[in-house]
Amino acid sequence: MSVNCIFKHLLTSQYNPPNNIQKEIIALSRFVLDDKNNHTDNLYNAGFCYNFNPKTHYYEYYSLVNTTSPHASPISQNTYDVTLLRTVKEDKDYDIHINSHPLPLNQATKEVTSQAISMAVSQDIVMALAFVPAYIVLFLVKEREVGMKHQQIISGINIPAYWLSEFLWDTLVYCVVVVCELLLMWLFQMDDYLKDGKAPAVLLLFFLYGTASTSFVMCIQYMFKSHTIGLIVTLFINMLCVIMELASFIMTAIKDTCYTARVLNFVLFYLFPGFALGIGMMRISMLSAMYLLDQVCDYYYNGSINISQSTPEPFAFNGGIGYSLAYLACESVVYLIIAILLDYLTNDIKVKRWFSRHDVPIQRSVDVDEDVKREEDRVMASKDPGDDVIQLRQLRKVYNGEKVAVDRITFGLKRGQCFGLLGINGAGKTTTFSMISGENAPTKGTAILCGMDMLEEPVKVRRLLGMCPQTHALLDLLTVREHLELFGRIKGVPKEDLEDVILYRMEDMGIMQYADKKAYSLSGGNKRKLSVAQALIGNPPLVLMDEPSTGMDPVSRRALWDIISTVSARRKECTIIITTHSMEEAEALCTKVGIMVGGRLRCFGTIQDLKSKFGHGYTLNSKFYEATDEEVEKVKAELTVSKAMVTREEVKEVLACLDTADLMEEVSISGSGWVIDAELTKKGQVPLDVLVDWWITEVRFIDFMDFLEQRFASVELLERHGNLVTLRVNTKGMKLSEVFSFMEEVKVKCSIEEYSIAQMTLEQIFNFFASQQEEETREVQGMKKAK
């Protein structure tokens, strides 16, 4: 019902006013509360009429107003008055115009409001500036995460120079942020921070926060292995500073906790630059109030109070921001020094070795290859380690006192040699590289580069290294030219020669057209080319290349091989150690190779030496015919068992009936009868046809091996899977035509469907050794390997 209708009803009928106005107000309030769920919009007015007398023209009403709207009260009153006037006069043209102007705030209210706003602003500033150190830690951790930091270390960068340049650059960038922040404060007329001589204090506070937070994140970045985690945690720490600021303020205002707050500030909270900034901004905006709180706290605990001044100086320690400035200034220097010391410690090979000193007992192997032993004796007996560009002496790495990653590797290489360190994943190749480069410390043993021991002179040794890691150790925002210029300067290439050296390397690697492209926009192959160029710049005596051609197209791969061959074998500029899974690459590049198995060097020598020693004879691949139905039925007719399904015991009976009881050993997960074993394990029985089919193939294989052993000097089973067999046979001077003639006879007698004969390749030799890796010797269904 509208207000107009209510007033008309009251004016034309007998109205009895309520006796108790207070009860009516309470009743209306309850009605409004009970009825609130029936409305989606906010209710701003409710009222009732108390005294209506048309004869005397005396009208009295009460209105309940929602005060969340500052103008609700005058609007409500005007609505009632206008409606009443129009109802009484019976004329809709009557109107009352009002203006609502709240009274100005008194000085005390203004100060309270201003201080509340200033407190909120101080927190907002901390949260806004929290993103600056967060992004600094993002780039620091990522640089370490991708290996770019280690690349710079092994190139010979000076650690204090690295951190000081990082500190200065980050501070300069932060100064731009400070200027923008002060400009915004001036535009929005934040007088609590800029007037009465406060502006210099705010400027100094902002600047010192930038230097302190930069040094702070340089320390904590060592905690993170992922740059995204580093960003999130650093933001969280700075947001936590806001909570510290509020907690400190509240505790300071409470009698029982004000002294505790003071202790926490000095002992813990001020150690975080974000807190020093926040509490400093709060104090500088509320100098009088914060000064008074400090004095009241002194009175509570000391019984004395100093009220000689109402407003302290902004730079004062007592009531001002002196402590914030002092802490930030000290943190800028102390945290920077700590960051430099931590970097020295994490890169010091002796410190790393102390932490990795836990070893496991050495198990002497009896099957050390004679070439490996001969090379070990040569290196260990060498009186002048400088005869070789690099010597590894009993290099050993044990992780967590359990896992032996590298086990007593010993060999030496002369200038101009390209050595291929081969092995499957987990063999220890990358760990060996990391120890040579100083990224990891050996548990025992050492490496000697150009006569210098890596344990005694790590800085000099690293400067003689170039490294192309397995991953792309590049900075996304640097161009190809800038990468090469950076490493050229680090490695000490003369300034007048630097541009020519950069152009030469880019031309060599075929990346000249990408000279001004940023690293993130390069393809995977071009990133590898850039990584190789970085490793070769400065002509270091030793270059380590971990999978250098990964991701390259065939043309680029061939070009890279030419470059590696040129700088090592032809020009004799350096010695190169590469790891690769491509045997074609190893044969094209390497003058010597070594194959690692389980962390140990199992063979060492030229590729031809390895082929002559381990690749004698031929590789014979054979495939037997599948058993026909007639052959299966013929064998079944000889059996005493006629059931369609047989159990494990009946399998033994069948094999015994066929005079092959020893074949029961093959009915296992790693034997040739793994299918039968799986059926028996799962169902308890196996079809007789399947058993007989397997038996026929097994007998053919036995006869086949007998024929070969009678004719050839030696026969070695490399691998067998079902009816597929791979053997190594020593023909002992037989002509190849004689071998084929013999195999044609065997093909008919042993039901061989097809066969092939080939000379042993480096890849087959590699696979032979790789199969002996611990991870590769677990039981696999149906797979038999050489023992």
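Glycine is no exception: its Cβ is also placed from the backbone N, Cα and C atoms.
Just so you know, TrEMBL annotations are computer predictions that nobody has curated.
Here is what TrEMBL records for this protein:
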TRANSMEM  125-141  transmembrane segment
TRANSMEM  171-189  transmembrane segment
TRANSMEM  201-223  transmembrane segment
TRANSMEM  229-251  transmembrane segment
TRANSMEM  263-284  transmembrane segment
TRANSMEM  321-345  transmembrane segment
DOMAIN    390-623  domain 'ABC transporter'
(request) State the mean pLDDT for the domain 'ABC transporter' (390-623). (result) 87
(message) With CB pairs under 8 Å as the measure, which of the listed stretches 125-141, 229-251, 321-345 comes out on top against the transmembrane segment (201-223)?
(response) 321-345
(message) Quick test of the contact rule: Cβ under 8 Å, at least six residues beyond the ends. What residues does that give for the transmembrane segment (125-141)?
(response) 166, 170, 174, 177, 181, 209-210, 213-214, 216-218, 220-221, 224-228, 230-231, 234-235, 238-239, 241-242, 245, 273-274, 277-278, 281
